Amino acid sequence: MKSQAPQSNSPKRRGPVLGLTARAWLFVAPVLLALVVVVGYPVVRAVIMSFQKDAGIDKSTGMFVEGGSAGFGNYTHWLLQQCTNSLGETVSCPTGNGGSEFWAAVGVTFFFAVVTVSLEATIGLGMAMIMGKTFKGRALLRAAVLIPWAIPTAVTARLWEFMFQYDGVVNRVFGTHIVWTVEGWPARFAVIIADVWKTTPFMALLILAGLQVIPEDVYEAAKVDGASAWQRFWNITMPLLKPALLVAVLFRTMDALRLYDLPAIMTQDLGATRTISTLVVQQSRSGANSASALSIITFLLIFAVAFVLVKGLGANAVRTQEAQREAH
Amino acid sequence: MALKSVSSLRSTLVPRAVLAVTSAALLTATLATGCSSSSSSSNAISENLTGRGPITYVEGKDTTETGAVKQLIDRWNAAHPDEKVTFKEQSSDANQQLDDLKQHMQAKASDYDVVALDVPWTAQFAAKGWIQPLKDSFAIDTSTLLSPPVASATYNGTLYGAPRNTNGGLLFYRKDLAPEPPKTWAEMISMCPKAKEAGIGCYAGQLAPYEGLTVNTAEVINAFGGSFVGPDGKTPTVNTPQAKQGLQTLVDAYKNDDMPKEALSFKEPESQNAFTSGKLMFMRGWPSSFGDAGADASAVKDKFGVAPLPGKDGIGASTLGGYNAAISAFSKNKATALDFLRYLISEDAQHIVAQGGLPSVRASVYDDPALIAKMPYLPALKDSIASAVPRPVTPFYDAVSKAIQDNAFAALQGTKSVDDAIAGMQKGIETAGS
């Protein structure tokens, strides 16, 4: 593929290299500038803010005064759960103070991410296998499956909130008396169900796209060789599907780590379902600078996860393809 | 064919990850820069004190049937052709109103002259130096007003706003089951077996983990003589036997099934729904629930009454709602703005306010027979407001409210003892703003 690149087709196309690069840069410059303004500025500003103290009260006047430099104070507030009491001493943050909730929120966020993404990948794979088969009404099924994905998340959250109400459908169908939206584990369960319902179709479609490109003749050859259905799935479908599956998992993991709307709407300010994002929003009401620090921490966390996924799993996916190419 | 699309997948993998990371960065950055703090503006407070001219009044969407705010302004404008007031109507969402106000104040913008502040915002705006202290030449006469609303507009011993309208909690009760409304918590709880006989819940308020839980917790703690912060708006005062007794009362009621199990998920609509569909004997609610409870669709249409909230030995302590009108420190026409505040608390203006269904800050309005005929809850509301307590007046209201909510919720769920919860509130208030 690479050798076909039309660089050396005619001498006319060969201009002065530096001039060409300069012109290229000229064309790209507006976009880069826009990116710096749109992406760079807020990030840099957030970083600067995160090293400043939130405004505090001057006891003698009762008026707010600027907090000044905080050093890493805002970061230790979250990471080490350190708060300042009215005497100015550093104490460990009590319940009800955002600082005490950081690690719990990280735990909840990662728990949601791991559980929802695994469920979505598994169920999505199953749905894709079914949708990949040829049968009557397949087009209709494929369209219908997309409905949960098409509904705005806020609406989804409301919908499930109603279903999980005390006198809602869920309790009636199962004859239970659980107050889903305020009890710890039931509330987490409710959020997970809603998230899986909403995003499994997305997963299924991405996986389906991966399935569609596996050539039928490979299966037929395997069948001729006497491979069982399980062997065909495990030795043909899974390896060939892996790259598509990994992209889908990567996407969803990033999304899940930023989860905000479902818990915020379905369960209000409940501690048991507080994710990092809901904590950021909550904190930004009382202190913009400490909220900035939390945002930066969140960003680094998500970045680290993305990096690990791309480096670890992504490289793996690439190797699989290269192995395939060699095999061909 | 297969290889081609697989390799295109590979080549998009990394850019997509970068895209995802970038959008994560954008999301977090926008959240963080949503609002930033600014220094206090003591200079602005001493400027433009004698300025006269047209001004702008800013308030959330006017949802009264009578268009009370428009009426107020029309009447003023008719009398003051040279100092007309323009109504800048904000969204009906309280958080959006607050964000809008904060942004204008941070920018020191002079286009908002008089702003309507929800009661708990007042202290923060005062401490930021965003609103004019109403003292010395800016003093207004509040001696004829109900004192709790005045207290809600007072920070650090100084009045910062004119109470525009107030609001108080009421006990809605089933007349058919409880001919006489209970005056105390003990009395109310002793009536609960009747509710059980009827197969309905006894009492509910708004106990879901949100602002309503702060209000309900504050009411019961205040009713038993507890408080949250000292007059400086910072020193915590909640760790007292009185506050513990108050919270214990609420927790016991929940534990002993005097409140339905689902009460912990109730916000205003759910509790109102439970009462109007006949599933509750007592409900703590705002006057705005009166209309729905008396509507034709209500199962308790002619079977309910309203009373002040129950307390320890008598009438309880309602948490105050309502709005205060304050002058922006950055206004150019502060003299006009001051006249407008005085007008807002006048007898005439307060009648317009009351007719719009917004509880007035003037005691006399509650005794108007014509209004009582239209709003039969007025006498009970008057008693309720007279013994009401403002929400903790503190510039760190958000953090204080959260400390109250989280701890009270843990106590109700039984994951924390009442003692621990109260101690937690104390510590939470102590570290609020850090």
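Numbering starts at 1 and runs along the chain as displayed.
In case you wondered, yes, glycine gets a Cβ from its N, Cα and C as well.
If you look up TrEMBL, you'll see A:20-44, A:102-127, A:139-160, A:189-211, A:232-251, A:291-310 marked as transmembrane segment. Marked as domain 'ABC transmembrane type-1' by TrEMBL: A:106-309.
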Problem set entry | Maximum Cβ pairs under 8 Å to the transmembrane segment (A:189-211) - stretch from the list A:20-44, A:102-127, A:139-160, A:232-251, A:291-310 | A:102-127
Problem set entry | For the transmembrane segment (A:291-310): best-contacting stretch of A:20-44, A:102-127, A:139-160, by Cβ pairs under 8 Å | A:102-127
Problem set entry | Cβ contacts under 8 Å made by the transmembrane segment (A:102-127) with residues that lie 6+ beyond its boundaries | 78-79, 81, 145, 188, 191-192, 195-196, 199-204, 206-207, 241, 245, 248-249, 252-253, 256-257, 259, 271-279, 294, 297, 301
